[in-house]
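I have placed the structure first, in the form of C-alpha cells, so that the comments after it can refer back to it.
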Number of protein chains: 2
Amino acid sequence: MTASATTASATDRVYNFSAGPAVLPESVLREVQEEMMCLPGAGASLLEISHRDKLFIEILQDAESTLRSLLGISDDYSVMFMQGGATLQFSAVAANLLRGTGKKAEYLLTGSWGKKAIEEAKKEGNVGVLFDAAKTNYDRLPTASDYSCPDDAAYLYYCSNETIQGVQFASEPECPDSVPLVSDASSDFLCRPLPIDRYGLVYACAQKNAGPAGVTVVVMRKDLIDIADENIPGYLHYKNHHENESEWNTPPTFAIYVLGKVARWLRDDIGGLANMEDINRQKSESLYKIIDESNGFYRGHAQTDCRSLMNVTFNLPSEELTTKFVAEAGSHRLAALKGHRSVGGIRASIYNAMPREGVEALGNFMTDFASRNG
Amino acid sequence: MTASATTASATDRVYNFSAGPAVLPESVLREVQEEMMCLPGAGASLLEISHRDKLFIEILQDAESTLRSLLGISDDYSVMFMQGGATLQFSAVAANLLRGTGKKAEYLLTGSWGKKAIEEAKKEGNVGVLFDAAKTNYDRLPTASDYSCPDDAAYLYYCSNETIQGVQFASEPECPDSVPLVSDASSDFLCRPLPIDRYGLVYACAQKNAGPAGVTVVVMRKDLIDIADENIPGYLHYKNHHENESEWNTPPTFAIYVLGKVARWLRDDIGGLANMEDINRQKSESLYKIIDESNGFYRGHAQTDCRSLMNVTFNLPSEELTTKFVAEAGSHRLAALKGHRSVGGIRASIYNAMPREGVEALGNFMTDFASRNG
C-alpha cells in the first residue's frame with residue numbers, strides 16, 4: 001500500500017464474485033481514475049471539494065435524478081443518501097415508523113439480514129414475525145397463504161434478496177393497502193424495475209449493485225417522513241436528511257459520486273432496468289441450469305421458485321471438493337466464490353456489473369470441474 | 001461527469017482552502033489514482049473487494065496502527081472507524097455515556113458544532129452548559145477560571161477547534177480526573193501531538209486533516225465502552241464497533257484506505273505530528289501576521305489567544321471588498337475562501353495538506369489586495 005508498491009494494471013483484473021463490496025463497471029472505474037487528481041472544472045479532486053460546492057451539488061442532484069428516471073420515482077417520494085449501511089437502517093426504520101406509535105411492526109424473516117433487522121426493531125417497540133424460515137435454514141420464501149398481515153401494523157418489513165442464502169422475492173409480498181411496505185433491497189437494488197409506488201420505504205446500501213461501500217439510498221414516501229418522535233437521534237431521523245436534501249451533515253461525497261456514475265452506466269450503457277433484468281436472468285439461469293443438470297453434483301441452497309438473480313448459492317458433495325473448487329477457480333481467475341459460513345458451499349454473486357463473460361467462464365469451469373470430480 | 005468529459009490534468013489544480021472536505025496530499029491522490037483499476041494483489045479495485053478480504057483487513061489494521069504510532073495511543077484505548085460523521089457522534093457520545101446514568105453531562109459551548117452536539121445530547125439525558133460564548137459570536141474560549149466542572153459529571157465535552165469561527169484550544173481544558181473528557185477533534189485531528197491519555201473519548205470525522213468524507217475515527221478508553229444501555233440503536237453502540245474491530249457491518253472501505261495513506265504520509269513524509277505542528281504554526285502565523293500588520297484592513301474573528309492553526313477567519317472593511325477579495329483570489333487560483341455565513345468575511349482553511357506554497361501565495365495576495373484597496 002505504499003507509493004513504491006508495484007502498480008497493478010487493469011489487465012490483472014480477475015472475475016470477482018464477491019458478495020459485497022462487489023464488482024463495478026470498468027468504465028466507471030476508469031472515469032474515477034481519470035478524474036482523481038482533478039475533477040473537471042474543480043481545480044481539485046472530488047475528494048477535496050466541499051459538499052456545498054456547486055460542482056458537488058450537481059453531482060448529488062444528478063445521482064438522484066438518474067435514480068428517479070431509472071426507477072420511475074415520483075415526487076411523492078424522497079430520495080436520500082445516508083451513511084451507516086443497512087445496519088443503521090435497521091434502527092432508523094423502527095425509530096421513525098414504530099417508536100411511540102403503540103402499533104406493532106410485522107416482519108417476514110427469510111434470512112440473516114432480516115434477523116438482524118428484527119433485533120434492532122425490538123429495541124424500538126412491539127415486533128411481530130409473520131413468517132420464519134429459520135427451520136429450513138432460510139431456503140424458501142412465504143407465499144400469500146403463509147401469513148396474514150394485520151391492517152393496523154406500523155409497517156410490513158422484508159428483505160427482497162437475502163445475499164447469504166441466495167433467496168429473492170420474485171415480486172412484492174402481499175401487504176394491506178393501509179400498511180407501509182418496507183424493503184431492505186440492499187443486494188438486489190437496480191437489478192430490475194421496481195414498482196416504487198407499492199412501497200412506504202425502500203433502502204439499499206450501495207456496495208452490491210449501486211456503488212462502493214459508504215452510502216445507502218433511502219426512497220421514502222413523503223407522508224411518512226414527518227411522523228417520527230422528535231427525540232430519536234438526529235442522524236436516524238429521516239426528516240433531517242429529507243429537508244436538507246442529503247446535506248444535513250457532510251454526506252459521503254465520493255460514494256455518491258461513484259453511485260451516480262453507476263446509475264448513468266445503467267441508463268446509458270445498459271439501457272435501463274428492464275434490459276438489466278434480461279441480462280441478469282440470462283446470467284443466473286445459465287448457472288442454475290448447470291446446477292440442475294449436474295446429476296446432483298451441485299445442489300442449490302435455495303428452493304427453485306425463489307432463486308436469486310444476484311447470489312447463486314450451492315453445495316458440492318463434500319467439504320473437500322468445495323475447498324478444491326474454490327482453489328482451482330482461483331487459478332482460473334475466478335475469485336471470491338466461497339460461501340458464507342452459515343450456509344457453506346459456494347456463493348457466486350453475479351451483480352449487475354459482472355460481465356456475461358465472467359459468468360460464462362464460471363459456468364465452463366463448473367461443468368469441467370463436475371466432469372472431473374463427479 | 002460523463003466519460004466524454006475532458007480530463008483535467010494535475011496541473012489544473014488550484015490552492016484549495018475549503019473547510020472540508022479539504023485538500024489532500026497530492027502523493028496520496030496519485031497512489032489512489034494508480035491503484036484505482038486494480039489494487040496490487042487483489043485483481044480488483046479496492047472499491048470492489050470485500051471488507052473481509054485479507055487485503056482489506058491489512059489496510060484497516062495498517063491505518064489503525066499508523067494512527068496509534070502517530071498519536072502514541074496505548075492498548076488502554078480502542079480505535080474505531082465509523083460512519084455518520086461528527087453528527088452521528090453527537091448522539092452516540094450521549095447515548096453511550098449519558099443515557100440511563102442519572103448523571104449530568106457538561107459542555108463547553110464555543111462554536112457552531114458544540115451547539116449542535118448539545119441539541120443531540122439533550123435527547124439522551126441531563127445536559128449542563130458550563131461556558132457559552134454565544135454572546136460574543138464565539139470569538140473566545142474559556143480559561144480554567146471561567147467554569148468549574150462537577151466531579152460527578154457523566155463527561156465534559158468540548159470541540160477542540162471550531163471550524164466556522166476559527167477558534168482552537170491550545171491545550172486540553174481543565175477537567176476533574178474522575179470525569180471523562182470528550183473531544184470533537186474533527187477539524188484539528190492530527191494537526192499536532194495529542195495527549196490521548198487525558199481523554200475518555202476523542203472523535204474526528206476525516207474530511208479535514210485525515211482523509212475523505214465518509215469515515216470518522218473514534219479513540220475511546222476501553223473501560224468506558226461497555227457501560228451503555230443495551231437498548232441504544234446498534235450502530236450507535238461503540239461496543240459493537242470495538243468488539244468487531246470496525247467490521248460489525250461493512251465499513252466505509254475506500255475512506256479508510258485513503259485515511260491510512262494520509263496517516264502514512266504524516267509519519268513518513270512529514271516525520272510525525274511534532275513536525276506537522278511546526279509547519280502548521282509557521283503557516284498560520286504568516287497569515288495572522290499579515291492580518292495584524294494590515295492597520296485594521298483585515299480584522300481577525302477569533303481573539304488572538306485562541307486563534308486556530310487550521311482555520312484563519314477574518315473580515316474586510318465591507319461586504320463589497322469581501323466579494324471582490326474572493327473573486328480576485330479565485331483568478332489567482334486561490335479557491336474556496338468565502339467565510340461561513342454565520343461569521344461572514346473570509347475563512348482560509350489551511351489543513352495539514354495545504355502546502356506552504358499555497359499559504360505563501362495567499363499571503364502575497366492578501367498583502368497586495370490590502371495595499372490596492374486599503
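Each position is counted from 1, following the chain as shown.
Even glycines carry a Cβ here, placed using N, Cα and C.
Here's what TrEMBL has on this protein:
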- A:Arg52: L-glutamate binding site (BINDING)
- A:Ala86, A:Thr87, A:Trp113, A:Thr163, A:Asp184, A:Gln207, A:Asn249, A:Thr250: pyridoxal 5'-phosphate binding site (BINDING)
- A:14-362: domain 'Aminotransferase class V' (DOMAIN)
- A:Lys208: N6-(pyridoxal phosphate)lysine (MOD_RES)
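Annotated features, which come from TrEMBL, shown on the structure.
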residue  : record                              : DSSP (3 states)
A:Arg52  : L-glutamate binding site            : coil
A:Ala86  : pyridoxal 5'-phosphate binding site : helix
A:Trp113 : pyridoxal 5'-phosphate binding site : helix
A:Thr163 : pyridoxal 5'-phosphate binding site : coil
A:Asp184 : pyridoxal 5'-phosphate binding site : strand
A:Gln207 : pyridoxal 5'-phosphate binding site : coil
A:Asn249 : pyridoxal 5'-phosphate binding site : coil
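The subset of binding-site residues A:Ala86, A:Thr87, A:Thr163 lying near chain B, with Cβ atoms under 8 Å apart, consists of A:Ala86, A:Thr87. Each residue contributes its Cα atom, and for A:Thr250 (pyridoxal 5'-phosphate binding site) and A:Lys208 (N6-(pyridoxal phosphate)lysine) those atoms are 23 Å apart.
For A:Trp113 (pyridoxal 5'-phosphate binding site) paired with A:Arg52 (L-glutamate binding site), the C-alpha to C-alpha distance reads 34 Å.
Along the domain 'Aminotransferase class V' (A:14-362), the predicted structure has mean pLDDT 97. The Cβ of A:Thr163 (pyridoxal 5'-phosphate binding site) has A:Ala19, A:Gly20, A:Gly111, A:Ser112, A:Trp113, A:Ser186, A:Ser187, A:Lys208, A:Met310, A:Asn311, A:His340, A:Ser349 as same-chain neighbours under 8 Å, each 6 or more residues away in sequence.
Around the Cβ of the residue listed as 'N6-(pyridoxal phosphate)lysine', a 10 Å sphere holds 29 further Cβ atoms from the protein chains shown. Take the Cα of A:Arg52 (L-glutamate binding site) and measure to each of the binding-site residues A:Ala86, A:Thr87, A:Asp184, A:Gln207, A:Asn249: the nearest one is A:Asn249. Sequence-distant neighbours of A:Thr87 (pyridoxal 5'-phosphate binding site) (same chain, six or more apart, CB under 8 Å from its CB) are A:Lys116, A:Glu120, listed in sequence order.
When the binding-site residues A:Gln207, A:Asn249, A:Thr250 are scored by other C-beta atoms within 10 Å, A:Gln207 scores highest.
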